[in-house]
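Colleague: Structure below; questions to follow.
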Amino acid sequence: MEILIVNDDGIYSPSLIALYNALKEKFSDANITIVAPTNQQSGIGRAISLFEPLRMTKVKLAKDIVGYAVSGTPTDCVILGIYQILKKVPDLVISGINIGENLGTEIMTSGTLGAAFEAAHHGAKSIASSLQITSDHLKFKELDIPINFEIPAKITAKIAEKYLDYDMPCDVLNINIPENATLETPIEITRLARKMYTTHVEERIDPRGRSYYWIDGYPIFEEEEDTDVYVLRKKRHISITPLTLDTTIKNLDEFKEKYGKILCEM
């Protein structure tokens with residue numbers, strides 16, 4: 001069995017080793033390959049490097065664990081992992097474990113989900129796994145984050161085992177694990193919430209009197225009860241949202257009947 005691990009937090013994210021070990025414990029005969037960006041790539045979505053060359057370096061992450069650092073995006077990591085390193089589509093690709101949750105329709109901006117969708121696009125069973133971090137100070141502390149990823153990694157590996165056992169009608173499983181989860185934390189199947197954050201723009205002035213801007217926002221908690229936001233943030237349960245690559249409107253025939261002539265007649 002071939003398993004590819006990628007992320008958007010970078011090759012030195014502490015979650016990579018924890019996930020590798022959990023997968024090795026669950027799938028002892030698997031060949032597990034880690035390919036991750038050289039630098040932090042959060043918020044990059046499914047961007048791909050088309051106009052600049054990519055560098056790839058082998059990196060020792062632990063005593064018996066090596067990975068490949070790629071000077072590009074998470075999507076680049078998936079492509080190089082499949083077509084340059086493995087030379088074939090792996091049985092499973094796991095993107096994560098992300099430092100911070102990936103919820104709602106805002107997953108479109110996530111590098112973690114971008115990599116997962118890219119893997120699915122090439123025919124691999126694909127999982128995106130993220131750990132809720134409630135402290136912004138910890139979320140953006142990156143390599144020094146004092147969080148034990150062992151339990152989230154074991155949860156991810158257990159879900160991956162079940163995912164591989166069945167032919168589920170989805171392209172990506174988006175897993176979000178609450179902070180301080182245990183192996184007994186309940187799991188729920190959810191749908192995407194509309195938003196996970198409010199949107200706010202902060203204007204500041206540089207020493208030369210020119211404006212510059214930070215885009216930020218505050219977490220949203222009040223969403224419908226069957227959404228990932230509600231299940232993770234209000235119920236403190238693990239959320240699994242099955243996703244598809246095809247984002248076409250669900251009721252296409254109804255849309256065509258109602259708006260086809262309006263849109264198509266010139």
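Note: Cβ is positioned from N, Cα and C throughout, glycine not excepted.
Annotations per Swiss-Prot:
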BINDING   ASP8, ASP9, SER42, ASN98  divalent metal cation binding site
Colleague: Taking each of the binding-site residues SER42, ASN98 in turn and counting other Cβ atoms within 10 Å of its Cβ, which one has the fewest?
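Modeller: Comparing Cβ neighbours within 10 Å for the binding-site residues SER42, ASN98, SER42 has the fewest.
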Colleague: Can you count the other CB atoms that lie within 10 A of the CB of ASP9 (divalent metal cation binding site)?
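Modeller: Its Cβ has 26 other Cβ atoms within 10 Å.
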Colleague: For the recorded divalent metal cation site, whose residues are ASP8, ASP9, SER42, ASN98, find every other residue on that chain with a C-beta no more than 8 angstroms from the centre of their C-beta atoms, and list them by sequence position.
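Modeller: So the additional residues around the site are ASN7, GLY10, SER13, GLN40, GLN41, PRO74, GLY96, ILE99, GLY100, SER110, GLY111, THR112.
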Colleague: In sequence order, which residues at least six apart in the same chain have a CB under 8 Å from the CB of ASP8 (divalent metal cation binding site)?
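Modeller: In sequence order, the residues whose Cβ lies under 8 Å from that of ASP8 (divalent metal cation binding site) (at least 6 apart) are PRO37, GLN40, GLN41, SER42, ILE44, THR73, PRO74, SER95, ASN98, SER110, GLY111, THR112, GLY114, ALA115.
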